[in-house]
């Protein structure tokens with residue numbers, strides 16, 4: 001298959017050869033992912049990988065397949081073909097629950113926070129800790145252990161070093177966009193996840209708020225998470241990412257180490273692909 | 001987080017409403033204003049303007065009237081507490097009063113057929129739960145808006161009630177049922193229960209503060225904690241002493257408070273209650289964290305059905321009869337929705353409290369009672385109620401967090 005061989009070539013041999021074999025320490029690796037929506041071939045044999053302690057940027061023009069790939073990774077779409085490997089072990093992702101069980105979490109662009117609840121409640125939403133000793137009641141009617149919930153929330157927030165957030169009892173509705181993004185990330189991280197996908201986390205934010213979120217992303221890298229960062233903003237990508245994976249027309253163009261490339265090169269790859277690679281494959 | 005120097009009036013209001021305790025403030029203020037007007041201002045005006053008046057006649061604030069006021073508001077409050085639960089989801093239930101009517105009519109028929117009162121109550125509550133849950137299923141699984149489903153329910157159940165009660169009226173003299181509103185809690189027992197509740201609150205607050213300190217969490221400000229306890233104690237003892245001064249605390253009121261306390265605990269302190277608030281705040285978010293939004297919706301409507309049935313039982317007990325106009329055909333529905341909204345429960349979902357519904361019911365009840373006492377016409381009453389309701393909803397809209405539904 002032509003596209004598949006192109007992407008494989010691009011993946012293993014970016015224009016400047018990778019000095020380290022990033023491939024063998026990949027935490028999550030998918031290969032040969034195909035996804036059809038009716039007659040539309042949205043993903044055509046995409047390979048993708050991310051390692052622990054690494055921020056992998058995923059870029060591409062609109063319609064390149066970024067969102068589809070992300071949803072496939074999160075189990076929201078099931079791939080038509082392709083394999084998943086987690087730490088070298090082949091795994092199966094047949095739905096959001098499978099992905100969550102494997103520690104793959106996604107922070108959607110709309111964040112999905114409950115503005116009427118406080119930070120602690122949002123962080124534990126759907127998995128509220130209950131007090132022991134009420135086993136005679138159905139789980140849904142046991143008293144919530146709100147102290148444990150607050151301690152958990154505080155730990156998650158501290159881990160991400162969100163310094164502007166004064167109290168985990170503040171209602172989310174009163175927080176800034178950056179704080180909300182941080183809380184949504186904290187929720188994803190708190191669920192014992194190892195892979196965190198961020199969909200355009202800075203799209204709606206101002207300068208200071210963006211800085212806050214980028215700090216949180218760097219913090220995730222320090223804590224050994226595998227971060228997948230989807231964005232259109234080259235400046236953010238070049239500040240925060242370790243590698244950049246470019247998709248075009250549902251297939252890989254190539255993956256670069258961020259320090260070895262320039263925004264111009266990435267933009268060209270996004271819009272025109274790699275002339276050389278295409279030429280070689282063809 | 002927010003620069004307090006640039007807070008506008010609506011921001012202050014919003015922050016007040018968002019604090020745990022501040023949500024009570026507007027409805028308490030409304031209640032105080034209405035009581036002050038009917039209880040003090042009007043009698044004082046009469047006294048000063050009518051030369052032949054011998055002394056100040058404080059009828060509205062007399063223990064006897066307060067007792068009646070509580071009893072009059074009890075059925076509204078029961079329904080309002082139930083309706084609050086679906087309002088928290090962002091839904092509405094227009095059929096609550098009709099459900100209460102069907103349940104009350106069924107209760108009358110069952111008792112007439114010779115069933116013991118308690119058994120009839122159990123059956124009727126189960127029927128109420130099924131009626132609510134059935135509507136909930138249409139809303140959650142078929143996807144019809146709650147407004148439409150419950151409007152159909154309102155019409156259908158009104159008809160059903162007329163079918164059950166062809167004569168339109170049925171007397172109830174079962175001693176068990178009548179007892180609910182007739183039995184009085186002895187004076188001392190009422191005070192003892194009030195004291196126990198306050199002592200329990202103090203003990204829980206102290207233990208909580210202690211545990212927070214141990215867990216290294218931020219402390220609640222002592223003013224807020226003790227202020228809250230002082231306010232509850234004042235309201236509680238004030239109510240018990242006033243009721244004792246006329247007769248005593250009726251069992252009906254005690255039951256209402258107990259049921260509300262149970263429902264208040266479920267909605268604020270359990271994963272189920274949290275999921276109701278989550279669905280009301282952001283249903284998509286609730287779905288993504290794995291909550292079964294549909295089942296939650298059905299459960300909430302079942303709770304309204306149960307509360308409507310309980311309201312039907314309370315009403316039948318208090319009036320000693322079941323009549324079409326007292327439930328389905330009267331103003332009960334609008335009064336109970338009004339009570340829930342005046343209590344500060346948002347029609348947009350996600351904010352509110354069942355306790356506020358009781359205060360809201362007292363506001364509605366006081367308004368009706370006060371206007372009756374001052375000889376106002378039914379037309380005046382309707383217009384006043386409309387104005388108060390509008391004021392309450394306006395307050396809700398202004399104090400809504402910015403960016404939601406605007």
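Placement of Cβ uses the backbone N, Cα and C atoms for every residue, glycine included.
Predicted automatically and left uncurated, TrEMBL annotations should be read as such.
Features reported for this protein in TrEMBL:
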- B:21-45: transmembrane segment (TRANSMEM)
- B:65-89: transmembrane segment (TRANSMEM)
- B:141-160: transmembrane segment (TRANSMEM)
- B:180-202: transmembrane segment (TRANSMEM)
- B:223-243: transmembrane segment (TRANSMEM)
- B:249-267: transmembrane segment (TRANSMEM)
- B:296-316: transmembrane segment (TRANSMEM)
- B:322-342: transmembrane segment (TRANSMEM)
- B:354-371: transmembrane segment (TRANSMEM)
Stretch-level contact, the transmembrane segment (B:296-316) and the transmembrane segment (B:65-89), CB cutoff 8 A, at least 3 pairs: yes
Who are the long-range neighbours of the transmembrane segment (B:354-371) in its own chain, taking Cβ under 8 Å and residues 6 or more past its ends? 23-24, 27-28, 30-31, 34-35, 37-39, 42, 60, 65, 68-70, 72-74, 76-77, 80-81, 83-85, 256-257, 260, 263-264, 267, 335-336, 338-345, 380-381, 384-385, 388, 392
With the cut-off at Cβ under 8 Å and a gap of six or more residues from its ends, the chain residues touching the transmembrane segment (B:322-342) are 27, 30, 73, 75-77, 79-81, 83-84, 87, 92, 94, 96-98, 100-102, 104-105, 107-108, 154, 157-158, 161-162, 165, 168-170, 172, 311-312, 315-316, 352, 356-357, 360-361, 363-364, 385, 388-389, 392-393, 396
Lying 6 or more residues past either end of the transmembrane segment (B:223-243) yet within Cβ distance under 8 Å of it, the residues of that chain are 21, 63, 66-67, 70, 190-191, 193-194, 197-198, 201-202, 205, 209, 249-250, 253
Distant-in-sequence neighbours of the transmembrane segment (B:21-45), which means Cβ under 8 A and at least six residues beyond its ends: 15, 56-61, 224, 227-228, 342-344, 351-353, 355-356, 359-360, 362-363, 366-367, 369-370, 373-374, 388, 391-392, 395
Quickly jot the same-chain residues contacting the transmembrane segment (B:65-89) by Cβ under 8 Å, restricted to those at least six beyond its ends, or write none. 59, 96-97, 100, 146, 181, 239, 242-243, 246-247, 250, 252-253, 256, 259-260, 263, 267, 276-277, 279-280, 296-297, 300-301, 303-308, 310-311, 314-315, 318, 332-333, 335-337, 339-341, 343, 345-347, 349-354, 356-358, 360-362, 364-366, 368-369, 373
